[in-house]
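K.L.:
Please read through the structure below; I'll follow up with questions.
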Amino acid sequence: MYDLTGKHVCYVADCGGIALETSKVLMTKNIAKLAILQSVENPPAIAQLQSIKHSTQIFFWTFDVTMAREEMKKYFDEVMVQMDYIDVLINGATLCDERNIDATINTNLTGMMNTVATVLPYMDRKMGGSGGLIVNVTSVIGLDPSPVFCAYSASKFGVIGFTRSLADPLYFTQNGVAVMAVCCGPTKVFVDRELTAFLAYGQSFADRLRRAPCQSTAVCGQNIVNAIERSENGQIWIADKGGLESVALHWYWHMADQFVNYMQSTDDEDQEFFLGQR
């Protein structure tokens with residue numbers, strides 16, 4: 001179990017919906033500090049969080065996840081002055097706008113990757129950090145395709161690929177930073193929005209989704225924290241229908257293991273074996 005007591009948590013997401021409900025649960029776990037970076041100010045939400053645990057220090061920054069990495073660095077330099085260090089980074093910024101592919105990809109994938117690249121040096125054990133945990137909050141349609149939300153699904157598939165790649169022992173054994181993802185199923189805060197399909201053929205399905213059964217935002221937030229507490233490096237979770245399920249990961253490329261061994265090996269025989277198999 002990952003013990004959140006005394007931890008310094010940084011949450012990059014709008015403090016509403018899933019992020020707010022997740023933060024509420026985090027505040028019951030005796031964390032020491034919570035930094036919230038979001039696109040708009042939400043003083044009532046911050047006050048609500050503070051009322052749960054007065055001793056937890058909460059810091060807030062207005063933050064655009066799509067900004068350039070150089071600009072992000074300036075923000076996180078300020079964050080570190082207040083936080084001292086980051087134990088847990090949660091990436092939860094999300095956008096589903098099939099009419100604006102660039103914004104969807106930049107928010108869900110590019111922005112998340114830039115955030116991780118910016119924060120990792122502060123956490124990296126070999127760079128003076130203490131290691132820690134990165135949590136990427138994503139969607140079940142990052143595991144299975146969506147014929148309705150094609151751009152959104154593509155961005156979420158990217159999150160899973162990035163998470164699994166960064167969790168490789170090649171990195172984890174060096175920097176001490178575990179990486180995991182939580183894939184949320186249909187959640188009330190999402191389906192209550194006006195949703196537009198990638199192509200007009202799918203719009204009737206998008207409209208129908210608003211009437212479909214879904215999990216409450218509060219339950220989803222609770223299960224995100226449950227996943228964090230049960231986390232292992234590289235683990236992917238599904239938080240759906242009020243439950244939490246670990247995903248069985250597979251290698252589909254038949255040469256994957258040999259390729260990794262080839263890349264990591266200094267033994268000429270291992271390298272010759274891989275090249276011979278091709």
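Just so you know, glycine gets a Cβ as well, placed from its N, Cα and C.
Sharing the record's features from Swiss-Prot:
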ACT_SITE  Y152  active site, proton acceptor
BINDING   11-34  NAD(+) binding site
BINDING   S139  substrate binding site
K.L.:
Should any of the binding-site residues Y11, G17, S23, L26, S139 have a Cα within 10 Å of the Cα of the residue listed as 'active site, proton acceptor', which are they?
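P.N.:
Cα within 10 Å of the residue listed as 'active site, proton acceptor': S139.
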K.L.:
Of all the binding-site residues given, S23, S139, which residue's CB has the most CB neighbours within 10 A?
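P.N.:
By the 10 Å Cβ neighbour count, S139 comes out on top.
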K.L.:
Are there residues of the same chain, six or more positions away from L26 (NAD(+) binding site), whose CB falls under 8 angstroms from its CB, and which are they?
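P.N.:
Counting only residues 6 or more apart in sequence, the Cβ neighbours of L26 (NAD(+) binding site) under 8 Å are L4, V9, Y11, L34, V225.
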K.L.:
Under 8 Å Cβ-Cβ from A32 (NAD(+) binding site), six or more apart in the same chain: what's there?
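P.N.:
Listed in sequence order: G6, K7, H8, T56, Q57.
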K.L.:
Spatially, which candidate from the binding-site residues G17, L20, S23, K29 is nearest to the residue listed as 'substrate binding site', comparing Cα atoms?
P.N.:
G17
